[in-house]
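> Sharing a structure, written as structure tokens. Questions coming.
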Amino acid sequence: MGIFSIANQHIRFAVKLACAIVLALFIGFHFQLETPRWAVLTAAIVAAGPAFAAGGEPYSGAIRYRGMLRIIGTFIGCIAALIIIISMIRAPLLMILVCCVWVGFCTWISSLVRIENSYAWGLSGYTALIIVITIQTEPLLTPQFALERCSEIVIGIGCAILADLLFSPRSIKQEVDRELDSLLVAQYQLMQLCIKHGDSEEVDNAWGDLVRRTAALEGMRSNLNMESSRWVRANRRLKALNTLSLTLITQSCETYLIQNTRPELITDTFRELFETPVETVQDVHRQLKRMRRVIVWTGERETPVTLYSWVGAATRYLLLKRGVISNTKISATEEEILQGEPVVKVESAERHHAMVNFWRTTLSCILGTLFWLWTGWTSGNGEMVMIAVVTSLAMRLPNPRMVCIDFIYGTLAALPLGLLYFLVIIPNTQQSMLLLCLSLAVLGFFIGIEVQKRRLGSMGALASTINIIVLDNPMTFHFSQFLDSALGQIVGCMLAFIVILLVRDKSKDRTGRVLLNQFVSAAVSAMTTNVVRRKENRLPALYQQLFLLMNKFPGDLPKFRLALTMIIAHQRLRDAPIPVNEDLSVFHRQLRRTADHVISAGSDDKRRRYFGQLLDELDIYQEKLRIWEAPPQVTEPVKRLTGMLHKYQNALTDS
């Protein structure tokens, strides 16, 4: 396929994007909005953003969800701008500097919250800056400008959502159904590999792939939840299926680790059962029936606890999977599964990374302000806006440098493209709304094709071109103003890129260490006799942290194995029959406090000291377990955990 070819699957979204732009343009001029450009720009960004992220037409609900986030972010930004202006209108320079700090603060928050919701915070930061900069000449018009901006953005979002509904968006439901079947087959094949106890690298690749697929399934669940209210029951089941899938991975990997020291625990009966190859979910269903009969026949006590737990989790997975596919009423048995343990939310391990993002964004905006004041450039406000937009959006993504490069390419491409529209097309079509709409529809259609291919610069070119062409009411054609706007965008992107290059993000190793210590803390916190604490479901949070670790350190198998071992220790200790008495309960609290000190330690020396204290306390704890005659189900996991912490002490304490 050629570089400029158009694939059939890309046409529908390109038409959808063109329709959203035309609708926003028509409504903006019909209702005599002062700057219909904002409505058109909003419609284009809201529609094209999810397509660029997905690399194709986004699934149903994605555009609506992004639109809602944009509305929330705009209102937060407008309120913040009003507060800043009212408080500091007599000190314009201080007002702009405080607004720069606000943009950095919003970027800091967006780096800590869920990636799906971070868009609203990033948007609220640069919305406030846009308002503060725009009203410099007429500060008394601030409330009117904020209201107009909110109205234009709501119109643009409404047009994007309407266009999405008109062109029958794709439903993700069929993809979810297929993935549920495929995932269960892959889970069974992972257990086969672990029972065989073959090549460790093959097992690592298999469970790593399953962790990624389970995380992807959770993302599909979010999309399905956004799609329609009729999937509420399926959404509840998919939440439980996420935990069950992670449980299956954990039990399989623990089965592999157990065979390193006690291979005799896996009897020949189960080895023969798992030798049967499976290709479909029906094959897995038949095998599970056979296993349940064998477990009933041999008895629970004669069945390895990991296999017993795995078969139970796989059976529950099958039951909920059928419910998701049929979307029928939740049965009493399913309700019992769904009313399981409360899920504990993950605590961010990227606080240092978020602070780096804060300084990058704040310094970029302050540098832009100083450049504007020093040069007295008439388009300094446009340059400031681009700095805020680029840094706010780039900081939330894994590779901010590439986002900046994308914007630089986009603004460079927007210069000749905008020139064509400014000098030739718009002056010759402004007398006819039909021709004006058609000209912008053509722009939206062809850039919509490139956006779906994730062409470098396509997203930036779409936003930058719409931003510099004349779509105001009434239209005025001042070439110097156009050139200033176009150059301001380019300079703003380049200044943001320079700051990102100069302010290095060296938080990767620190984030990795914090993640590993959080795994240790989770394993230690599982040693408790508190009934409420034992019922907490930390598995999704732990695997979310493992997924982040895999993304931060691709190919670092020792880190992945250590993290997985800590997750297995957490699950085993959580279910272990720890003796209930006051002496152990007090010591459990002491262990948790020490583990928390390890995570929060500000220096390597403190961290080593607290980690050494934790190891000493674990040795004392093992002695207490011996005194209180704890069963092997408790003493063996604690001994394995202590051994792992001794072995990887340097990796867990050094920066």
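Just so you know, glycine gets a Cβ as well, placed from its N, Cα and C.
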> If we trust Swiss-Prot, are Ala394 and Leu542 on matching sides of the membrane?
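For Ala394 and Leu542, the topology recorded in Swiss-Prot gives the same membrane side.
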> Is the transmembrane segment (407-427) packed against any residues at least 6 beyond its ends, judged by a Cβ distance under 8 Å, and which are they?
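Residues 386, 390, 394, 436, 439, 443, 456-465, 467-470, 475, 477, 479, 482, 486, 489-490, 493-494, 496-497 contact the transmembrane segment (407-427) from elsewhere in the chain.
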> Which listed range (38-58, 152-172, 370-390, 459-479, 482-502) shows the maximal number of Cβ pairs under 8 Å with respect to the transmembrane segment (69-89)?
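It is 152-172, which has the most Cβ pairs under 8 Å.
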> Looking only at residues six or more beyond either end of the transmembrane segment (459-479), which have a C-beta under 8 A from one in the stretch?
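Sequence-remote neighbours of the transmembrane segment (459-479) are 21, 25, 28-29, 32-37, 40-41, 44-45, 48-49, 52, 406-411, 413-414, 417-418, 421-423, 426-427, 430, 443-444, 447, 451, 485-486, 489, 493.
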> Who are the long-range neighbours of the topological domain 'Cytoplasmic' (452-458) in its own chain, taking Cβ under 8 Å and residues 6 or more past its ends?
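Residues packing against the topological domain 'Cytoplasmic' (452-458) from afar: 10, 13-14, 51-52, 55-57, 405-406, 408-410, 412-413.
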> Counting CB pairs under 8 Å, which listed stretch among 93-113, 121-141, 152-172, 431-451 touches the transmembrane segment (38-58) the most?
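Most contacts with the transmembrane segment (38-58): 152-172.
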